[in-house]
Amino acid sequence: MRRFISVLFCCLVSWYAIADDDVNTKDSTAASSSIDSELIELVNQLPNTKLNKMQPLVENIAAIKSHKTREVLQILLAGDLYYLKSDKTLVNAQKQNDGNYQLTNILTDEALAPVKKRAIRKIRSNNRLRSAIRSFIAKIDLTDDDKSTRYGAVEQLLEKPSQETLDTMRSLLPLEKDADVANLMQTVLLIEQLKHGKIDEQLSAVAGLKSSLEPVVLNTLSALSEELSASEKTQEQEQLLTAMSKAIATIESKRSNYKFIENVFFGLSLGSVLLLAAIGLAITFGVMGVINMAHGEMIMLGAYTTYVVQLVFPNLIEYSLLIAVPAAFVVTGLVGILIERGVIRFLKGRPLETLLATFGISLILQQLVRTVFSPLNRQVQSPEWMTGSWQINPVFSLTFNRLYIILFAIMVFFTLLMILKKSSLGLHVRAVSQNREMAKALSIKSDWVDAITFGLGSGIAGIAGVVLSQLTNVGPNLGQAYIIDSFLVVVFGGVGNLWGTLVAAMSLGSINKFLEPITGSVLANIIVLVGLVLFIQKRPKGLFPQKGRAVD
Amino acid sequence: MIVDKAGTPITATDNVQPDTRHGVILYVEDVSVSFDGFKALNDLNLYINDGELRCLIGANGAGKTTLMDVITGKIRPDTGKVNFGQQVDLLQLDESEIARVGIGRKFQKPTVFEALSVYKNIELSLAGDKGIWTSLFGKLTGEQRDRIDEILRTIGLTNEAFYMAERLSHGQKQWLEIGMLLAAEPRVLLVDEPVAGMTGQETERTAELLTSLAGEHSVVVVEHDMAFVRSIARTVTVLHQGSVLAEGSMSEVQSNPEVIKVYLGEDSGEDSGDDNSEGYPSESGEEYIEASSSKEG
Amino acid sequence: MNMKTTHTFVEIIRKMSHLHIVVGTLFVATIYVSFCNLAFAESSFLHVSDYTVSLFGKYLCYALLALAVDLVWGYCGILSLGHGAFFGLGGYAMGMYLMRQIGDRGVYGNAELPDFMVFLNWTELPWYWAGSSSFLWMVLMVFVAPGILAFVFGMLAFRSRVSGVYLSIMTQAMTYALMLAFFRNEMGFGGNNGLTDFKEIAGFSLQDPHTKLGLFVVTAIALAIAYWVSNYIVKSKLGAIITATRDAESRVRFVGYKPEYYKVWIFVVSAMIAGVAGALYVPQVGIINPGEFSPLNSIEIVVWVAIGGRYTLYGAIIGAILVSYAKTRFTAIMPEAWLFALGGLFVLVTLLFPKGIAGALPGVARRFGLDANTNDNKTNKNNAQSEEQGTLKAPRAGGQ
């Protein structure tokens with residue numbers, strides 16, 4: 001039995017050591033040696049100091065500039081600071097499940113053997129001390145060199161600032177160099193002023209807060225105005241109330257503006273996905289008149305290409321997308337050319353047959369992927385730079401992946417437009433699509449042009465797949481979800497008109513995102529579908545039809 | 001309006017009787033059509049008399065086919081009026097209703113129902129109820145059978161009656177389409193290049209047929225073949241750039257200085273200015289018209 | 001067998017139209033299956049198991065559905081990629097009736113509400129469930145629900161002259177939207193799980209093998225009637241107009257017909273046949289769920305017709321039964337290969353056999369001297385008239 005316990009003990013110790021190691025890799029494990037000797041001396045006085053003498057001691061500790069200072073104060077604040085009765089070593093003690101305490105030497109970060117409660121004693125504190133400590137910590141953070149730490153500290157103080165921290169902030173504000181931090185500090189002070197100031201101070205506070213979007217500002221304003229309006233008012237209070245309700249209205253209209261912009265952004269990002277998915281189709285369907293039901297599977301192949309790229313280069317996740325985009329373009333482009341040469345060219349001028357045959361191909365491709373990669377969804381990783389978001393203000397932020405996708409989609413769109421408008425390939429493609437016989441007579445190799453065009457359309461679908469792999473699960477059915485949408489986008493925009501496709505994709509995306517909060521996503525989807533069907537019936541040629549005498 | 005949109009889809013009424021007390025069966029007034037800025041028809045005025053045979057000529061792009069499209073409802077004009085008789089406003093009707101009030105059309109490129117037999121092609125074109133239930137349950141009456149047989153004889157396809165139309169030669173398809181037109185018993189026949197692809201003999205027969213139809217029907221023929229036009233035409237209308245350039249008998253038209261000017265081109269404008277009053281000798285203009293038409297044909 | 005009887009046999013076969021052949025075959029098959037199912041013991045070699053009966057019943061439903069698609073696609077050139085919607089609606093109409101027949105035998109024992117509604121804490125039936133407990137109402141709805149959808153869709157689409165590929169995509173969008181809608185619990189059709197756990201139909205227990213056999217026979221009769229009706233339609237003048245519309249719609253208009261209304265009409269009739277197929281399908285498989293609306297299902301129907309041969313009614317039936325049978329076998333032996341096979345069939349048939357199996361049949365028939373239409377050049381009216389809708393026709397590239 002004893003042996004068992006000792007083994008267990010050893011295990012625990014070693015585990016803690018390892019765990020500790022992990023935590024402190026960044027702080028440098030040799031920190032203890034660099035700790036200021038003054039700090040050590042002061043800290044070691046803690047066990048011997050009576051509660052009423054604590055405040056000056058803590059103040060002294062807080063005055064020492066060291067990364068350890070904050071840590072000690074934090075532990076003390078949390079009530080986890082104990083000392084060993086035996087040798088008065090200061091420890092951070094955490095109660096374990098078995099009732100024993102797990103100890104860490106706060107100065108050396110050394111893990112000690114767990115002990116029973118009676119072996120240690122708590123460094124006591126009271127409310128006054130604790131609030132003092134809080135403001136010391138805040139002060140430390142507020143004077144930190146790092147801007148984001150300072151910002152974070154102020155943000156923490158938004159909700160419930162203590163008098164001390166407010167004082168600190170007041171003193172720090174003139175020294176603050178960073179505008180964001182200064183603004184936020186100002187907001188905190190103004191809220192305080194609003195809550196507890198005299199009436200004219202309150203009025204000026206309202207004026208100052210009008211432009212702030214922090215949720216707490218709105219909450220405070222509404223709470224106060226509610227309180228005010230419920231009771232008897234003097235004339236000045238009346239004035240304050242109107243000022244406040246004006247401020248609330250301003251803030252709320254701003255917030256709803258940002259909400260609107262956010263919806264537009266979401267709409268554009270969905271639109272970009274639709275655009276990427278549809279634009280390949282706009283080429284194969286719009287320019288060549290070929291109905292490619294396997295288009296969705298081209299997207300899927302692109303997504304799987306990304307997956308394979310990440311499998312092959314596991315160390316290059318950061319660059320995987322940069323590799324995957326050309327790789328997917330080539331892979332799906334080649335598959336597209338294969339399909340064109342193998343099947344579609346035999347079905348020229350028979351769109352419904354083409355539709356069926358390519359549908360067959362889509363089934364084969366799906367099953368192929370299922371057989372090769374398993375029917376389960378595959379996880380495609382996002383590189384670091386695609387994650388996170390750009391916080392513009394407290395109620396509005398843009399996620400990087402969506403932002404990049406919008407930019408990327410627009411880039412692809414214009415590249416394609418350039419290719420079709422300016423390059424000789426584009427000229428040939430347009431020539432063949434308008435009058436095949438004439439183009440042939442002008443010695444344009446129409447077969448070759450067809451194959452290349454189809455490859456181009458498919459290749460772009462592949463690129464769309466790379467993008468989609470960052471947004472949704474990569475599975476064999478990935479493409480099916482997009483094929484109907486893509487077709488509708490192309491038809492909605494007007495077949496054969498790339499600009500129409502752009503407008504259609506973006507407007508469909510936006511409509512969807514604006515409907516979503518009202519109706520839920522499924523119903524929004526249905527409404528958009530039904531709306532589109534009705535639209536096509538009203539204007540069968542889409543938003544931007546190709547006019548002319550030849551069109552019948 | 002007197003026509004109730006030519007009947008419901010389920011049972012459709014018979015042909016209406018247009019009011020032709022003024023002797024005119026087809027009024028086309030101030031009609032303009034433009035495609036993306038290009039004026040295909042430009043303030044065009046045309047009156048077709050009841051029972052008349054009228055030929056329309058004009059260079060490519062003069063608006064002949066567009067005019068037919070307007071009359072038959074395929075194209076809606078931007079401005080203008082198109083009336084059938086005095087009371088029927090054709091612009092209110094769609095293609096099938098226009099066909100049902102009694103305007104038949106033969107297309108430039110013969111379009112027959114290729115997957116159906118010659119007999120069925122004619123049967124479908126017969127005048128009468130075009131509603132769904134009649135089509136589903138109706139049987140051919142003896143009269144109708146006789147009528148079909150008669151038409152088949154007229155167009156010389158009795159032996160081919162039960163061939164699929166797709167097996168007919170080009171000329172036979174032309175005849176079949178004329179037969180379909182006859183079966184519909186229209187008051188006005190619009191015939192677009194009836195003799196293209198026909199042999200000389202067939203052309204002759206067509207000319208005979210069309211002249212015999214005039215009187216009971218009004219016939220409007222668009223044709224490039226000037227010999228054919230001369231052989232049938234009593235009145236000729238020349239279209240140019242979407243409006244009527246000249247109208248009259250063949251010889252009148254051929255001697256019209258405007259027509260000659262157009263057909264000879266603007267270059268000769270100075271010369272023609274001098275002896276405008278006398279006009280060019282008719283032969284030269286005619287030759288030119290024929291030369292240009294054979295090029296187009 | 002002496003020469004003479006062989007000869008008479010051939011004569012009889014020659015005189016028979018495909019209507020006789022199909023309905024006759026159906027009749028013989030039904031009698032055979034019923035007899036073997038009832039008369040022989042389970043151990044017997046000749047016994048047809050209850051499972052097989054249900055399977056055949058299912059195939060016949062598919063055949064009915066294929067017939068519906070062939071009417072609009074083969075004859076009228078409307079390639080519908082959304083006929084699963086009509087099938088599904090018919091199925092749901094039947095499913096609602098069957099749900100109400102469960103009564104208080106459900107898990108929650110609520111006599112008024114189906115289980116899933118109790119589960120959603122609904123207290124009363126939604127208005128559109130009114131009447132669903134009546135058999136006659138159900139029969140009515142099996143026709144009316146798909147009919148109305150087809151009518152509304154058709155009026156919108158055909159009157160604005162949407163055709164060809166656009167129309168196909170729109171039909172697909174239609175069934176896709178319905179699928180999304182029926183997946184929602186709030187729709188009141190059981191959401192994801194659909195309607196299931198049926199107990200009885202018109203008083204007969206669905207677990208009883210005799211009921212299953214009965215359903216099979218009813219399906220066979222329905223198929224025979226639908227075949228007869230379809231055959232009547234395509235042989236009538238209306239059929240000719242529809243075929244003409246497929247090949248030259250604008251010409252039909254200039255002859256004085258309103259092809260849009262003809263299209264709507266045939267579309268509605270076809271939708272109703274599909275609805276009947278769905279209604280007969282549901283009690284035989286015991287479930288209806290939104291999966292029936294999936295675009296893939298609708299496209300599979302089109303494959304049946306393409307493989308069997310469009311523009312012939314029997315081609316659609318042959319295609320549906322053969323492909324479904326192949327699917328059953330394939331998925332049993334190597335499920336993975338089914339989609340490969342189906343996809344491959346698609347490509348091969350469209351590339352190499354655009355006329356499908358039925359397109360290859362006349363050649364076979366001629367070889368055995370069974371074909372009445374061997375002589376193309378006969379000017380004899382009657383003979384040639386039968387040729388008109390006969391088997392030598394080349395299917396066209398539907399509508400385009």
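Keep in mind that glycine also has a Cβ here, set from the backbone N, Cα and C atoms.
Those TrEMBL annotations? Automatic predictions, nothing curated.
The compositional bias 'Low complexity' annotation in TrEMBL covers C:375-384.
Positions annotated as region 'Disordered' by TrEMBL: C:375-400.
What TrEMBL records for C:21-41 (among others) is transmembrane segment.
Annotation comment: TrEMBL describes C:53-73 (among others) as transmembrane segment. Long-range Cβ contacts of the transmembrane segment (C:53-73) within its own chain (Cβ-Cβ under 8 Å, at least 6 residues beyond either end) map to 29, 33, 37, 79-80, 83, 86-87, 209, 212-213, 215-216, 219-220, 222-223, 226-227, 230, 233-234, 266-267, 269-271, 273-274, 276-278, 280-281, 284-285, 301-302, 304-305, 308, 310-313, 315-317, 319-321, 324-325, 328, 398.
According to TrEMBL, the transmembrane segment annotation covers C:80-99 (among others).
Long-range contacts of the transmembrane segment (C:135-158) within its own chain (CB-CB distance under 8 A, at least 6 residues past either end) are made by residues 85-87, 89-90, 92-94, 96-97, 167, 170-171, 174, 202, 259-261, 263-264, 267-268, 270-272, 274-276, 278-279. Sequence annotations record features per position, and here TrEMBL assigns transmembrane segment to C:135-158 (among others).
Residues or ranges marked as transmembrane segment by TrEMBL: C:165-183 (among others).
Per TrEMBL, transmembrane segment is recorded for C:213-234 (among others). If one looks beyond the transmembrane segment (C:213-234) by at least 6 residues along the same chain, the residues whose Cβ comes under 8 Å of a Cβ in the stretch are 19, 22-23, 26-27, 29-30, 33-34, 37-38, 50, 53-54, 56-57, 60-61, 63-64, 67-68, 70-71, 75, 201, 204, 242-243, 266, 269, 273, 276, 280, 283-284, 313, 317, 389.
Packing against the transmembrane segment (C:261-281) from elsewhere in the chain are residues 57-58, 60-62, 64-65, 67-69, 71-72, 75-76, 78, 80, 83, 86-94, 138, 142-143, 145-147, 149-151, 153-155, 158-159, 215, 218-219, 222, 226, 230, 233, 238, 241-242, 245, 252, 288, 292: each is 6 or more residues past its ends and has a CB under 8 Å from a CB in it. Per TrEMBL, transmembrane segment is recorded for C:261-281 (among others).
Nonlocal intrachain contacts for the transmembrane segment (C:301-325), taken as residues 6+ away from its ends with a CB within less than 8 angstroms of a stretch CB, comprise 18, 21-22, 58-60, 62-63, 65-67, 69-70, 73-75, 79-81, 83-84, 87, 223, 227, 230-231, 234, 342, 345-346, 349-350, 355-361, 391, 393, 395-396, 398. Positions annotated as transmembrane segment by TrEMBL: C:301-325 (among others).
Residues or ranges marked as transmembrane segment in TrEMBL: C:337-357 (among others).
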Which of C:21-41, C:165-183, C:337-357 shares the most C-beta pairs under 8 angstroms with the transmembrane segment (C:80-99)?
C:165-183
Beyond a gap of at least 6 residues from its ends, the CB atoms lying under 8 Å from the transmembrane segment (C:21-41) belong to 47-50, 52-53, 56, 209, 213, 216-217, 220, 223-224, 227-228, 313-314, 317
